[in-house]
Every structure is written in structure tokens, then in C-alpha cells.
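S.K.: Pasting the feature list from Swiss-Prot:
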COMPBIAS  1-16  compositional bias 'Acidic residues'
COMPBIAS  38-53  compositional bias 'Acidic residues'
COMPBIAS  714-725  compositional bias 'Acidic residues'
REGION    1-68  region 'Disordered'
REGION    707-731  region 'Disordered'
TOPO_DOM  1-104  topological domain 'Cytoplasmic'
TOPO_DOM  126-147  topological domain 'Extracellular'
TOPO_DOM  169-232  topological domain 'Cytoplasmic'
TOPO_DOM  254-269  topological domain 'Extracellular'
TOPO_DOM  291-297  topological domain 'Cytoplasmic'
TOPO_DOM  319-345  topological domain 'Extracellular'
TOPO_DOM  367-380  topological domain 'Cytoplasmic'
TOPO_DOM  402-413  topological domain 'Extracellular'
TOPO_DOM  435-470  topological domain 'Cytoplasmic'
TOPO_DOM  492-496  topological domain 'Extracellular'
TOPO_DOM  540-552  topological domain 'Extracellular'
TOPO_DOM  574-858  topological domain 'Cytoplasmic'
TRANSMEM  105-125  transmembrane segment
TRANSMEM  148-168  transmembrane segment
TRANSMEM  233-253  transmembrane segment
TRANSMEM  270-290  transmembrane segment
TRANSMEM  298-318  transmembrane segment
TRANSMEM  346-366  transmembrane segment
TRANSMEM  381-401  transmembrane segment
TRANSMEM  414-434  transmembrane segment
TRANSMEM  471-491  transmembrane segment
TRANSMEM  497-517  transmembrane segment
TRANSMEM  519-539  transmembrane segment
TRANSMEM  553-573  transmembrane segment
């Protein structure tokens, strides 16, 4: 097969721990580039500047027995000191790393309103749900229940999430799909086979450092990449966890708001449960209506409210400890947990379903991390949130020691009479904030899953110009509201909603535990004993809690379980259909024999202009191009196959956005452009801006390609006369500058924008110009060829740019199984017709659009 030229705009180099060691890196400065043999994945279709070595059709001759190894420029070398610091110069950094101290304090203050609302409102209902399953018989029951709550708080939110899981973020991005993305960067586990080796040269893609556990990590990587079953299991696990996150986004508002509004029954005797439901519905409508105003704006508003709430929890707790029974401090002795189970047996086991509610919101700490930094979340939780929560629970326990009958409304009954109405007011505000916390986490998770091909396309609005992670999804917002209202109206019992709440939360927790364990083995490469201890302790505890809530699934929580199954089905069907479609496109791509037969005119008329043909292939000529050739009376003089590809990184730097390749020879004027985006990237550019960036990147690619050819030809000439011209070796720097590799090294440089011909003069200027004067004629021809091609691009651009899109219909083959026909022909087709159209998603103007229909038989 012929080869295809590849040139990447990457400015960084992957640090591969499997080769070389770091001693070689010190040989050059950290900003220098090097030339390496072209990767296998960068070779596919023939290219050449001239006709040398090519047959009459213009494509590479099949008679060449020795493959031609093209040299490509990699990114700059990474200094060993940068490796030790785990930093790469120029690599994208987290949005929050360069903030001032004052800004970090303000950021920590905002975390109260965005991250901790969910876990902060858990005292409203935890004891109420626990004692509904295991009624209080004596004071020791209260001590045992408090001990369970305290150690659950310490074990799950603090140790697991704040101290461990937060560090598994993907460049500041948290959530289930962020963990999956992090694993995908280190092992090819995606079921859609569109990975390229060139993706690993993105500066933010990977940073591997040798360590003693590397061999174990490589073995695990090999197993994951070679086992289709393991890939599917991992995908199912991630989709199940994501569906539980979405379910959590439904049940959290229902639980928090109804618990807060239910306090009216304590203050006003005439208030009934039906009235509580009606007020809760009104509050929920207001809550979801305010969601569009963004996290930054709302964070400044709700931050003070949550601060007052946490201070109220601590104040009420201290008051009750002083007034009632301070002996509840005995609950810090874990032996009371044993006594609690010994006295209450099966009821104590059921009570675990209520106990886990004290840790609800733990996943939001991680999922909402994209809005804030790890340090701000850790600082706020340890210094403010955890102490206030523990004092609040201890205060309720002190009150219940002498008032067993008030266990059904433990929180509001423990509030002093003079402070009841202010606390009720701030509790409702806090409940609304808590609901918003999980909704924002759901938005983040859906955006990640959409970018990674596991959820239908939706309209995403970025609510902040400064921070890309702050988003709002209108369709999902109103969908969550509708389902939430159904839950509130159909399940009016706090106990039943609490059971559903625990089920959704535990589903996400168990998924996170397994994924973080894989990260420990594959990426962190820490001691196996620590990994096993983490998995056994946390997964074991979560399974015990889950066994409690699943036993009560018939009490009404089955609604949330059904909802989660539906969301899982949507995501799996979308991923399955997308995978089949991509595989079909790969199978049906046009062969190089056909391209050779068509010739440079492609068997039709070439009209002036540029055609941007959007497709999903990263290699080969898409089949839809053949449909355009047979359908349209003419095709554009220049065609660029544009592939919008999301890579498993949060952000792709702008200077590494486009990866260009030449398809066939120069006379064909065919190129492939892979526009790479991270799942956190905001695609806000207009079509004019996108066209401008694309054309500029194409020109840079052509210039650098010409320089490669020039360097290769110079290298061949210099092989016979290296002693006469010691300064003839040249590299290209990261900014496009050309460096002479004479003695001393890097003695001088020439700017990329200067014509190549200017660097080749007569022999009396050899000391100032690195090129051999004997190659003046060949360089002149190369320069003229370069200028002609650049002029051709400019004229084509002036003639206009047209977007060529294929409107594909996906159908299952007639010989397919019935289930496959049902899934593809009905479910997947329904999702495609009702998701956001590709035209809107790509910002393609209607006046510059051409579409051709095509049916894919999968």
C-alpha cells in the first residue's frame, strides 16, 4: 500500500517510560525538537512532491521494494528536571493553578454553595430514615446509630473521596467518565477503533514516569487492550455508574426539598403531607428554572447561605450537647457499632440503608471538581464541613437520648424553639442548593459521556467565559425536573425516597471504587498491598450498605432503579450504534486502486473552491466521498476530509488542534484534517474562524512538508561529502525556526517564514548558510512547487468554502438477529433523529452546505 504523509502541529513529546530512560533527554535543551521515523499509523495513502519513484498514475509505484521511511518532527524534548516535577513546559494547566491567595479563598468559599450542598443537608433526614427502620428502644441504640454515622463520615467522604479519589482527577475534571478517560489514555480500551499513535503526542495526553511497579502496569495494560470482554465489562461498569449519577440527579432534589419542607409539620400542626408535596413541587420548579444562570453567579449567592447553614448545624449541635446529654461522645468508640447490631439484629442491618445517607453528596465532591481545585475542596471539607456535620449529628443524638418519640423528625425537633423559623428558612435554602449541586454534577457527567461517544448529542451552553467546565444543558435540565416531579408526587414518603437515594448513591460509589483501583494499578503504580486494602475495605463496606438498600427495593425505590436502567440502555445503544457505524465506514472506504483509476481529476470536473467533507474516519477515503463524486456534476478543486475527533483528554491546546495528512499526490489536492478536541473543550468558534484556523494550519503543514523534503534531499547529498559541509544538518524548532546542527550545536537559526531559497547561496557564503550550494537547482524547483501550491490554496479559498455532509441512515442487515434489528432500526434511529443535528453541532452555515443521503447497512 502507498504511504501517506503526516505532519502534526504538536509542540510536545510523549515521555515513554518503556524506552531510553531520562539520560538521553539531557542531551538537548528542553525546547528542542528531533527527527524520528514516521509512525505506522501515520502512513496510509501515497504522497510526494515530485514524480520521482511514482508510476504514471501519480501514485507510489508498487515496484519499490524498500519502504521509504519519512522523517517527522516530534515535539520538544522534555528536560529531566521537568519530569521529576511532573510538569511539561507549555502543557495546559488547570484553570485554578495560577490564582492569587485571595482568589483561592474566594474559590474555597464558593465550593460551599456548589460542592457541599448535598452532603451538608444530610442531617435533615439521616437519623429519621435510620430510626424508621430500627426504632429507638433505649439510649444505647442512639449511641450505636451515632457511631455508625460518625465512622461512615470519616470512612467514605473524608478518607475515600477527599484524601484519595480527588487525586484521581483528569486534569481537574472529576466524575465517572473522567476516570474512564484517564484509563483510556493509558490503555486502548475504547470499543470504537479510531485511536491514533499521534494522539499520544498531544502534550496533555500522557506523562509516564518509570517506577518499580511499571512491569505490573504494563501487563495490566496488555490484558485490557487485548481482551474484548474486559473492554466491554469496563464500559458497562462506567455506563452503569453514569446512569446512577443521572438517577442521583433526580432523587437528590426530591429528597432534600421534601425533607426541608417537611419541617413545617413540626412548626405547624395543621400542615399535612399533601401540602408538603405541593410546596416541594413549587420549590423544585423554581430551582430548575434558576439553573441556567451558571455556577459562578449562583456560587457567590449561595455561598453565604451555606456558610450560615453549616454554622447553624454546629451551633444547634453544641446547644443540644450542653442542654441534654454530652455522653454521646462515647460514640467515637466503634465497639458501640457492634452492640447496636447485637441488640437490633436484622433491623440494624436495614438501618444501614439510612446510615449511608450521611455520605450522600460524596460523589458530588468529585463530579463537581471541574468547577474548583482539589485543594479548595479539601480545605473547605476538613476545616469547616466535616466538623460542623459531626457536631450537628452529635447534637441530634444528644436530643434523642431524652426524646425517643421525636426520632421521625430528629433534626427539626432538636432545634430550639426560638430559632425554629430562621433555621427552617435557611434549611429550605440549603436544600435547594443541595439539589443544584447534584444537577451540576449530572451536567458535567453528561458532557463527558457525549464527548466520548456514549450519549446522544445535546445542546450545551457554557455559562462562564473564564472556566470551561461550567455548563448548562437545557434539555437535560427540564427532563430531570419532569422525572423529579414524578418521583415526588408518586413517592410521598421520605423513607422510600431515602432508600432510592441510597441505592443511586451506592451504585456510583462502587463504580468509582473499581475505577480508582484500576488507576492505582495502571497509572499511579503504587504498592499492591495498598491497592488491595483500598479495594477490599471500601468495596466491602459499600457492598454491605448496598445489600441493605436493595432488600427494600419493593418499597418504591424501584422507580429510580427502572429510571437508571432506561438511561443505561440509552447510553449503551448509542455507543453500540456508533461503533457499528464507524466499523461500517471503515469497511466501505474507497480503495487506493479506485483512486488510482480515477486519476487526479477524480473522474469528474474540478471546480474552483474548497470542499470540507465531514466524516468520522481517521484513515482512508470515506465512502460518502464516492457518493458526492457520482451525485454532483463537479467536485471542488481542493477537498479536505475533516474529522472532528474527541480524544480522552480534558483540553487539547490550540496549537495542537489540527493534524493534517496528504491524501494521494500533490496533483490530487486532497487532504485529511483531524480536528482534535478534549471532552472539556468548548467549541465556540464560528465557521469563519474555523476556516481561517484550518487554512492557516494547512499552509504550515505544506511549508513544513517542503522543508522535510528539502532536508531529506540534503541528507542524501551530504552523505558523500559530510566532511566538506559539517554544518549541513538541520532541525526545526518548536516555533518553526530552523537550527543548524554544526559545531557548536545550535550555532544559528533561520526563521521558518523565510523562503527556503534564501538559505541556499553560493559557496562563498557557506559559513553563514547551512545548505549545500550544489543543490541550488533542486531547491529552486522545490521552492517554486511550494509557492505554486500555496497560491493554489489561496485561489481556492477566494472561490469559496463549501461544507459537504453526508446524511446517513443506519439500518441493520437483513440477515441480522431480531434483537439487533430492533436496536438499530428503531431505538438507535429514534435517538439519532431526536438528538442535536450534526449541522448545528458543527456550526455549519446553511448557505454553504451540501448534503448527500447515504444508507449504512450494519
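Numbering starts at 1 and runs along the chain as displayed.
Glycine is treated like the rest: Cβ placed from N, Cα and C.
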S.K.: Other than its close neighbours in sequence, what residues sit by the transmembrane segment (298-318), given a CB gap under 8 Å and a spacing of at least six beyond its ends?
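M.R.: Residues 109-110, 112-114, 116-117, 120-121, 123, 290, 371, 384-385, 387-396, 398, 414-416, 419, 423, 426-427, 429-430, 433, 436.
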S.K.: DSSP helix, strand and coil counts for the topological domain 'Cytoplasmic' (435-470)?
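M.R.: Result for the topological domain 'Cytoplasmic' (435-470), in helix, strand, coil order: 17 helix, 2 strand, 17 coil.
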S.K.: Would you say the transmembrane segment (497-517) and the transmembrane segment (270-290) are in contact under the rule of three or more C-beta pairs closer than 8 Å, pairs 6 or more apart in sequence?
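M.R.: Contact criterion not met.
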S.K.: When DSSP states are grouped into helix, strand and coil, how many residues of the topological domain 'Extracellular' (126-147) land in each?
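M.R.: Residue counts in helix, strand and coil order: 17 helix, 0 strand, 5 coil.
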S.K.: For the topological domain 'Cytoplasmic' (169-232), what's the model's average pLDDT?
M.R.: 73
S.K.: State the residues, same chain only, that lie 6 or more residues beyond the ends of the transmembrane segment (381-401) and have a CB under 8 A from a CB inside it; answer 'none' if no residue qualifies.
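M.R.: Non-local partners: 112, 116, 119-120, 122-123, 126-127, 131, 136, 139, 142-143, 145-146, 149-150, 153, 157-158, 162, 310-311, 313-314, 316-321, 323-329, 331, 358, 365, 407, 410-411, 413-414.
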S.K.: With a Cβ cut-off under 8 Å, give me the same-chain residues at least six positions beyond the ends of the transmembrane segment (471-491) that come close to it.
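M.R.: Same-chain contacts beyond the flanks: 246, 249-251, 253-254, 257-258, 277, 280-281, 284-285, 288, 291-292, 294, 439, 442-444, 446-447, 458-463, 497, 500, 556, 559-560, 563.
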S.K.: Counting only residues 6+ away from its ends, which parts of the chain sit with a Cβ under 8 Å from the topological domain 'Extracellular' (540-552)?
M.R.: 155-156, 349-353, 355-356, 499, 502-503, 506-507, 509-510, 513
